[in-house]
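Asker: Structure below; questions to follow.
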Amino acid sequence: MEAKWLLCFTMAALMAVSNGQESVKPLVKIVKGKKLCDKGWECKGWSQFCCNQTISDYFRTYQFENLFAKRNTPVAHAVGFWDYHSFITAAAQYQPHGFGTTGGKLQSMKEVAAFLGHVGSKTSCGYGVATGGPLAWGLCYNKEMSPSKLYCDDYYKYTYPCTPGVSYHGRGALPIYWNYNYGETGDALKVDLLNHPEYIENNATLAFQAALWRWMTPVKKHQPSAHDVFVGSWKPTKNDTLAKRVPGFGATMNVLYGDQVCGRGDVDTMNNIISHYLSYLDLMGVGREEAGPHEVLTCEEQKPFTVSPSSASSSSSS
Ligand SMILES: *[C@@H]1O[C@H](CO)[C@@H](O)[C@H](O)[C@H]1NC(C)=O
Ligand SMILES: *[C@@H]1O[C@H](CO)[C@@H](O)[C@H](O)[C@H]1NC(C)=O
Ligand SMILES: *[C@@H]1O[C@H](CO)[C@@H](O)[C@H](O)[C@H]1NC(C)=O
């Protein structure tokens, strides 16, 4: 009798997980006055963030389909590659650290929209005349189509030596370029990307994982991550304030792209990323009015966190 009930109970729990529509009840414990939770595979490891709603509670398959509506049309360049499941699987690793689980549901949804906004704009093949509008074409690519070089920087020949015959052109959800970036990402994810950068274009979960690692990790020491500046866990110093760097979406572009996008006024490269974010806020039902004021949303007047050597030399030569 008891065994039978237990079986029914177990099966109901399994079904709730597998159809993804019911939220999993977290296991809870209190350690030193702090409430910690574990919420199955999606938010594992006794973290306070797992006590909150997790991404699959408020961001469902149909919403992913709405955001990336055109990615599987015949003219797209990565048909059948990207899907909801790989995004959630990759995100599971970062939710215990606060990705999509910091603050309340609204703040969490905004972070998912912000991250995916960056992803959408970097992987879009939507041009002015594309059907559905230019913002419906995110996740159209999973790699750079006609690389003109191997992106091998010899400066890193001792730390991240290029493998002969291997090309380090752009791949992924927040595309990775150059041997040293593949090397560093591979170290972090414990995958040999220096020898096998193609793993990124063969595995959508890994591609999302690499992008989420970039979002959650400072690009340089003593700098905040894109996650930190977005959720407000980063507190600007006096220098930051003088440089007009304030927490918010604008600063995520500053962290990820520095002077390539920020501190240049009202430029297309910046506006394209912002447009994707705003469109995704609408499609997720949050609404673009939640994006906040202009100076938080853009980085047109922010001094960059980092000046890239390539653009420094190109601007001096132009
Ligand atoms: C969990 O969500 C609540 C609001 O729903 C928020 O106040 C709290 O800060 C969140 N916890 C964490 C760890 O972000
Ligand atoms: C894809 O990458 C994920 C995450 O790194 C890994 O767990 C999975 O085994 C990989 N899949 C294949 C087919 O290699
Ligand atoms: C602030 O900026 C000045 C001038 O660029 C620099 O010398 C100083 O080290 C900075 N202080 C901090 C705390 O970053």
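Note that Cβ sites are derived from N, Cα and C of the backbone, with glycine treated the same way.
All annotation found in TrEMBL is predicted automatically rather than curated by experts.
Annotated disulfide bond per TrEMBL: C152-C162, C262-C299, in sequence order. The domain 'Glycoside hydrolase family 19 catalytic' annotation in TrEMBL covers 63-289. The signal peptide annotation in TrEMBL covers 1-20.
What does the local environment look like for each feature on the list?
Answerer: Every protein chain shown contributes to the tally, and the Cβ of C152 (disulfide bond) ends up with 18 other Cβ atoms within 10 Å.
Of all Cβ atoms in the protein chains displayed, 30 besides its own lie within 10 Å of the Cβ of C299 (disulfide bond).
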Asker: Sort out the sequence-distant neighbours of C262 (disulfide bond) for me: same chain, 6+ apart, CB within less than 8 Å of its CB, listed by position.
Answerer: G250, M253, N254, M270, C299, E300, Q302, K303, P304
Asker: Taking only same-chain residues 6+ apart in sequence, whose CB is under 8 Å from that of C162 (disulfide bond), what do you get?
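Answerer: The answer is L150, C152, D154, Y168, N179.
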